[in-house]
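**Student:** Per TrEMBL, the features are:
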- A:19-443: domain 'DUF112' (DOMAIN)
- A:24-48: transmembrane segment (TRANSMEM)
- A:60-83: transmembrane segment (TRANSMEM)
- A:108-130: transmembrane segment (TRANSMEM)
- A:142-162: transmembrane segment (TRANSMEM)
- A:168-186: transmembrane segment (TRANSMEM)
- A:198-219: transmembrane segment (TRANSMEM)
- A:363-384: transmembrane segment (TRANSMEM)
- A:390-411: transmembrane segment (TRANSMEM)
- A:418-448: transmembrane segment (TRANSMEM)
- A:468-490: transmembrane segment (TRANSMEM)
Amino acid sequence: MMELGLVAAAGEVAAPLTLLTILIGVFVGIIAGAIPGFTFTMALVLAFPFTFAMGPVQGLALMIGIYIGGLSGGLIAGILLGIPGTPSSVVTIYDGYPMAKAGEPARALGIGIASSVIGTLIGAAVLFLVGPIIGRFTLNFGPWEIFSLVLFALTLVAGLSGKHLVKGLIAACLGLLISTIGVAPAGQMRFNFDNPQLSGGLSAIPVLIGLFAVSQLLVNVEESRLDTRPSGGTGAPKIRVPYRQVMRDMWHEKRNVLRSSMVGTFIGTLPAAGAESADFISYDRAKKAEKRDPENYGKGHPGGIVASETSNNAVAGGAFIPTITLGIPGDVAQAVMMGALILHGIAPGPGLFERQPVLVNSIYLSIVVAALCVLVVQTLLLPFLARVTLVPKAILVPCILVLTAVGSFAMNNRIFDIWVVVAFGIIGFLLVKLSVPLGPMILGLILGATLEEELLRALQLSDTLSTFVTRPISLTFLILAVGSIGFSLYKAHRARKTASAPRESVAV
Amino acid sequence: MILGLIFGLTAILLVRSFVAADQAVSFKGLDTFLKVHWRVPAMVAMLSVYVALLGLAGFVLSSMIFLLGGFALLIREYSKPVLIASLALATLLPFTLNWVFENVLRTVLP
């Protein structure tokens, strides 16, 4: 069945319109990633309404294009300006910017682009190999296992996504609370405050647009005083990638490429661990594994760029594994893609491989095509993309705010949804200021309904809570949930101890 | 019961996060923040007026007004190219979006 699905998926993805959609997605993603302060997550949520008029495969192809393009696009501003286009390109700067300053910007960009493409392809290969195995395993899941799994994912996200476990848990609980607005599974109305607009609950997309697009735009308005980028009129540097040199660099770093891709893919499978964590770990491993000139790391070593860019792009393949096999988004971008699938009546999670083999295979193929599009677009349009990084935020912010308004309106043709965007934009901005991570909130919002429905189903099938601990898989997830909280508390305790130690020694 | 539990936990954690000495959040700098970053609340106010205007003046007109206001608020140094670009965007973007949504996505905007 998988082989037939792969052939049918190849037919769907190879359709000219789908290929064009992926190409447009990659272009938009690269631009969103290239402009400092604008993220590809923002581009994903803004592109969401455009998928209404598309089929599920084409809609998902657009999203995958933006996702893969965005993961790679951040390297341009990072290498040329020393300002990360996306948080995941922070580590790229360590060696990319010094190499560019030393007169080799084209070589640095070439290594970055090649690493992005190879990292994406390795991540996709792992997804292709591991996804179906986990998919088959999840067929054994009943409501008890799914409930325990969602609980584990929420505790994991809360622990991983920020310095403070408490703030992560607050965010997750707020997300769960928001998900309860509207009609309960049993039929009664909750938290609608007699407002008919709230009867159907809050759509996830306006909330996502508010939290991730509008709040980030407000941060951009706040930081506009500190915009240190050169003005757009200075002209872009003439860039021609030295292909032979880049191929030699990549061959020399082949072990680094493989290791960093594996680290990226693994980190990608952990909900909300993020490409940033993968970058730091890969960079550290690459530096420690370097025998000849480790002292050049941080001064323009090709291995630094390779480690960062392969791992942050390999994250994509890994992040898709929990999304499509378990229905748990690996990051916010995956949450948006899950939203697009749900909009088309497809529920990601256990059984998806059996129900939608064509769609699942089209995900692998779209990632591969998107990786190739990244290579083509970034190589051919490098001078243009270098200019894009200099577009003034003052021009972009109002334009994107109009897009957020029109995009959220188009969901249900309701101006109320735009108010939701504004409200959650303000809430998101305040939470960012209070260092409360937004990832757990989104996961709580997206998974809240599943958590509640599966709990109710489990209690309908067996009216005792002990079933959750007598079923081995469910018990395993519950132990992992408790373990992840315990580990986060231990980490927080150790961090506090380490922080207080120097103070005590000073006092003595 | 579950709702009560979620609400209770959220409330406890929220209070605890603000009460805990090492995580205390200070709002002392709010005045300074608003003085330095007055553009942030101004932009939120403009956005709210824009949403309120959408139902009254329609998408194209209210978007033009919002874009012009937004550019006026955020652009610090005017030059001829910036002025031309902002005026062109304020005029063309609303019409283009209106056309795309109505003719391609079959969504009638306010």
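Don't overthink the numbers, they just go from 1 along the chain as shown.
Each residue, glycine too, has its Cβ placed from N, Cα and C.
Heads up, TrEMBL stuff is auto-annotated, nobody curated it.
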**Student:** For the transmembrane segment (A:418-448) and the transmembrane segment (A:108-130), decide whether they are in contact, meaning at least 3 CB pairs lie under 8 A, counting pairs 6 or more apart in sequence.
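**Tutor:** The transmembrane segment (A:108-130) and the transmembrane segment (A:418-448): touching, no.
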**Student:** Looking at the stretches A:108-130, A:363-384, A:390-411, A:468-490, which one shares the most CB pairs under 8 Å with the transmembrane segment (A:142-162)?
**Tutor:** A:468-490
**Student:** Give the nonlocal contacts of the transmembrane segment (A:198-219) in its own chain as ranges (CB under 8 Å, at least six residues past its ends).
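**Tutor:** Contacts with the transmembrane segment (A:198-219): 37-39, 41-42, 45-46, 48, 178-179, 181-183, 189, 191-192, 332, 335-336, 339, 397, 400-401, 404, 407-408, 411-412, 417-418, 420-429, 431-432, 438, 441-442, 445-446.
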**Student:** May I ask for the residues of the chain that lie six or more residues beyond the transmembrane segment (A:468-490) and have a Cβ under 8 Å from a Cβ within it?
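**Tutor:** Cβ under 8 Å, 6 or more out: 140-142, 144-145, 147-149, 151-152, 154-156, 158-160, 165, 168, 458.
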**Student:** So which residues does the transmembrane segment (A:108-130) touch in its own chain, when a touch means Cβ under 8 Å and the partner is 6 or more beyond its ends?
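**Tutor:** Here the qualifying positions are 68, 71-72, 75-76, 79-80, 92, 95-97, 99-100, 239, 241-243, 245-247, 249-250, 257-258, 260-262, 264-265, 268, 300, 302, 305-306, 308-318, 320-321, 363-364, 367-368, 370-372, 374-375, 378-379, 382.
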**Student:** Assess whether the transmembrane segment (A:363-384) lies in contact with the transmembrane segment (A:390-411), where contact requires at least three Cβ pairs under 8 Å among residues 6 or more apart in sequence.
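**Tutor:** Output no: the transmembrane segment (A:363-384) is apart from the transmembrane segment (A:390-411).
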**Student:** Near the transmembrane segment (A:60-83), which residues from the same chain, at least 6 beyond its ends, have a CB less than 8 A from one of its CBs?
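**Tutor:** Counting only partners 6 or more residues beyond its ends, the transmembrane segment (A:60-83) has Cβ contacts under 8 Å with 13, 18, 21-36, 39-41, 43-44, 47-48, 50-51, 54, 89-90, 92-93, 96-97, 99-100, 105, 108-109, 112-113, 116-117, 120, 228-230, 237, 275, 305, 309, 312-313, 315-316, 333, 336-337, 340-341, 359, 362-363, 366-367, 369-371, 373-374, 377-378, 382, 385-386, 388-389.
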